[in-house]
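Engineer: Positions annotated as domain 'ABC transmembrane type-1' by TrEMBL: 96-287. What TrEMBL records for 32-56, 100-124, 131-155, 167-191, 212-233, 266-287 is transmembrane segment.
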């Protein structure tokens with residue numbers, strides 16, 4: 001065999017080995033990058049979860065345990081005394097009732113009105129449409145704290161201050177712009193060809209809305225409902241200025257009576273926070289499967 005032939009055979013044998021080395025090196029780099037991103041994700045999740053964990057564990061600690069040095073990461077002798085103090089407070093049940101009423105009215109009303117408005121913006125052309133869309137976007141840029149005094153004076157003038165209806169009207173005013181903007185995006189993402197095809201097959205416009213738009217925008221409706229509930233249930237700033245009577249407090253306002261000039265009852269405050277967080281968590285757990293399924297179905301259908 002000639003020298004040239006031997007060199008060719010050697011080069012051919014070396015190429016797979018070099019390729020394997022490069023593949024192995026690239027695999028190690030990908031594995032290292034994955035490990036770094038995974039570690040970073042774990043750190044971020046821990047930072048987010050730790051305050052909630054600390055709130056929940058503090059609710060079960062006794063007074064000395066809360067003041068222990070070093071702090072106890074887990075209650076060594078769990079107690080329910082703080083939870084008993086919370087549920088034995090008559091104002092607690094008034095606050096839960098008021099928050100439930102405000103939320104039960106605000107969420108359906110916000111979703112219904114916002115969906116109709118978003119549908120009109122996304123599907124119809126009318127005079128002033130561009131101005132309306134711009135106004136919806138600009139309203140969201142105004143800090144809520146800058147509107148507290150105007151809102152309070154307006155409600156006082158119409159006799160809605162210190163009332164649950166006043167809170168509902170206020171929450172609707174601040175939820176609707178975000179809800180309209182969000183739902184507009186979901187509706188605009190539904191191809192008009194689907195509606196036209198349905199109407200060509202004999203559907204009315206209402207039938208096309210019911211069978212085409214509504215199912216495909218269900219994830220947006222659920223997401224808007226979750227956002228509306230979180231805001232209505234947890235909102236504090238406007239409730240603080242609008243509501244004056246203790247028996248009309250919502251749960252965020254009620255929690256503040258554990259903070260007095262004499263000190264803060266951290267155990268009862270944490271126990272109350274745990275209890276009032278449950279409805280939002282339960283609601284999210286109930287709808288997250290439908291939300292994820294709807295988003296996935298929409299992505300697959302394109």
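A Cβ is built for glycine as well, from the same backbone N, Cα and C atoms used for every other residue.
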Engineer: At an 8 Å Cβ cut-off, counting only pairs 6 or more apart in sequence, do the transmembrane segment (167-191) and the transmembrane segment (266-287) clear the bar of 3 or more pairs?
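Structural biologist: The answer is no, given that the two segments have fewer than 3 Cβ pairs within the 8 Å cut-off.
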Engineer: Do any residues, 6 or more residues outside the transmembrane segment (32-56), come within under 8 Å Cβ-to-Cβ of it, and if so which ones?
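Structural biologist: For the transmembrane segment (32-56), the sequence-distant neighbours (Cβ-Cβ under 8 Å, at least 6 residues beyond its ends) are 270, 273-274.
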